[in-house]
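Annotated features, as they stand in Swiss-Prot:
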- E35, Q43, Y48, V90, F123, D285, T326: FAD binding site (BINDING)
Amino acid sequence: MKDKAYDITIIGGGPIGLFAAFYAGLRGVTVKIIESLSELGGQPAILYPEKMIYDIPAYPSLTGVELTENLIKQLSRFEDRTTICLKEEVLTFDKVKGGFSIRTNKAEHFSKAIIIACGNGAFAPRTLGLESEENFADHNLFYNVHQLDQFAGQKVVICGGGDSAVDWALALEDIAESVTVVHRRDAFRAHEHSVELLKASTVNLLTPYVPKALKGIGNLAEKLVIQKVKEDEVLELELDSLIVSFGFSTSNKNLKNWNLDYKRSSITVSPLFQTSQEGVFAIGDAAAYNGKVDLIATGFGEAPTAVNQAINYIYPDRDNRVVHSTSLID
């Protein structure tokens, strides 16, 4: 079945992509967001959800999660004209009659214009690399934590030895029934003070061990099998939830297949954020131009220009004068 034709497809559901989608809704066009991860929000939501951000206009400070929640709430005003596709990675797109055919790892989409807001490329969590892992993912196996309360009264196992793993273990100590940290080395990579707190806590530390297998029923993991490094000792850990904190990897390999002009790992754009292909625009960290400052605030400023230019491209005969939001929303 041929996909519905959208006015603008935004590649990337991070802060810049979300704001671009909102502004496109404000301008009355239909929008599709294609995001490679299983949730919206990009790096602030995934990599530093609880850390404070201080350079967002009108907010003295807010966390990555709060920023994401606000952007999603803002976009919800136009949910009737916005479609969101998660866990889809754009492989290629080609010019066709009336717009572009966009091929992802799951489907083919059609759009009249494209705005690329994928940051430094698609990024994905580093996994355990175990059979059946994907089956448990997003059920009771997590690569990121947003709501600590969801683990209340549970037996939680955390794999990893960096700052996030240690911070989550400490935060869950008084919430979960038990917390166990599994790390492949005796030494942790986290901040020294945090490691000292961890060692003085009630968190159970198992080092040096590596995950070997997952056991469960249906979509729920029940046991993690671990083996001591360079030894035959094997343990089975009962669990209610498993948190894998191995970090995230980024990749822009597909970006290089999009037949655009590039500057290092970013896309070269004009002052109006037009790429080397007519009808395709790029904003945020994905865009490269002289004097570029890689800040979220910068991307927010780029988004309206790119959206307006995309609308001018799609509807050249329409009266495309920009109107302030105070005149558009009661």
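The backbone N, Cα and C atoms fix where each Cβ goes, and this holds for glycine too.
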- Message: Below 8 Å Cβ to Cβ and six or more residues apart, same chain only. Which residues does that give for Y48 (FAD binding site)?
- Response: G64
- Query: Near the Cβ of D285 (FAD binding site), how many other Cβ atoms are there if near means within 10 Å?
  - Reply: 24
- Note on the structure: Taking every pair from E35, Q43, Y48, V90, F123, D285, T326, which the record gives as binding FAD, the longest CA to CA distance in angstrom is 37
